[in-house]
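Since the structure comes first, as structure tokens, the remarks are kept for the end.
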């Protein structure tokens, strides 16, 4: 069949339907994946919570009110607050108080600690094993180990997504999440807990990304923004808002960890029931299965297609695979072989590192603000809803590039205010605004990267971007820890990197109104590396 006659089959959605029951079923499967993605991402925060207000346990004074115990047994710092790690050497002398005698000798805590249960009303792993003073960074280290797991997981599951399919990657990633979560329940110290978080971290992103890619590849252009943001806007937000109150109600970090881990079995079952992506099947030459899925989709969407059309479509797919793919197994190195490919990928990488750092920092900033962590986290999570709705309204009207650049500049401005404002709730309000803009950047960036990369390397390309993004997120707890030296410093760092990110994305190609590329050559033709793009409109 002449190539020109095959052009009508380039977009098979014209025949099977671009947003019928088949696509809605995929969206239905993506919704719980987004909900559980929030469990995977944020679940650890409430396992390692540590009250800021904690002090040495003084056995001789335990019968006294807490305020009196601290006055008699705990020294004060220069700012007037009580020491977290030191006690008086003779605290049992009831005639000597903190205010009366500041010259008494001090010793490190030797009988454990007392924690302010008004801040964290349950036993976390940090309070159970006293991750304070010389162990105060154990919580931070466990988060870093988690993100190291994310990086390894992106390497593994990104490869699997492109070479074995979207569904095997979804199955294995969610299995890791469930196993890691269940193992953490039996841990009795940092090494075991860190190992369990590494296993759980393997699933980060790819507990959701494969079903996200699969769904986005099978809806029409005019529905991509709606579908790409709907699950993250509502399901992800619901999961994030629910988490702190699950921890609060369960009031036991081990039981909470189990409740967060076990629902992953739902996505394991989904990976066994959902259809594989026809675009991916076609790109790797699995045409028999590709045609089966397309026929199932057409039937579900109520489309009647003659056998002659099916036969022509298959013949064109075979010709396309032979001429353009040549049976080649693409690797991630193919994304670096020309200057336009290299530059576009590097811009995507740096942008995603900035977005991941800014987003994760504004998720975790509640840990260093002097506000109720449960209320502040829930309120800041609620901004995920408008942060998902606004892109639905703007992306197809204005475009990806101006929206992304604007929200990153606004994130930088809000972050600057978080660092400058002195009032606790003023800073919290600015932090919520910063998270709103960081979330918008995250949602837009996820969709934009998927639209820029070609089908043959979409999984591996997103894996590379996500790996580097996790390196950015990995630095988030370390950046936040700099507040010990200068309180506004973390937000000043976020401001600077956000401005850098907002600038470099101007050189990425706009994808508004353009179908997702199948091949590297098709994608590279669009990578002009100009601030202004040619206006291209395509149906569906």
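Every residue, even glycine, has its Cβ placed from backbone N, Cα and C.
Checking the ranges 322-341, 402-421, 422-441, 442-461 against TrEMBL, the transmembrane segment annotation falls on 402-421.
Here TrEMBL gives transmembrane segment for one range in the set 226-250, 276-300: that range is 226-250. Residue ranges 101-124, 485-508 are listed, and TrEMBL annotates 485-508 among them as transmembrane segment.
Taking Cβ pairs closer than 8 Å, the transmembrane segment (226-250) reaches residues 19, 23, 27, 30-39, 42-43, 45-47, 49, 121-122, 212, 215-216, 219, 256, 259-260, 373-374, 377-378, 381-382, 384-385, 387-389, 391-392, 443, 446-447, 450 in its own chain, all 6 or more past its ends.
Here the transmembrane segment (402-421) has Cβ contacts under 8 Å with residues 351, 354-355, 358, 362, 365, 391, 394-395, 427, 430-431, 433-434, 436-438, 440-441, 444-445, 448, 487-492, 494-496, 498-499, 501-503, 505-506 of the same chain, all six or more residues outside its ends. Scored on C-beta pairs under 8 angstroms, the neighbour of the transmembrane segment (26-50) with the top count among 138-160, 256-274, 373-395 is 256-274.
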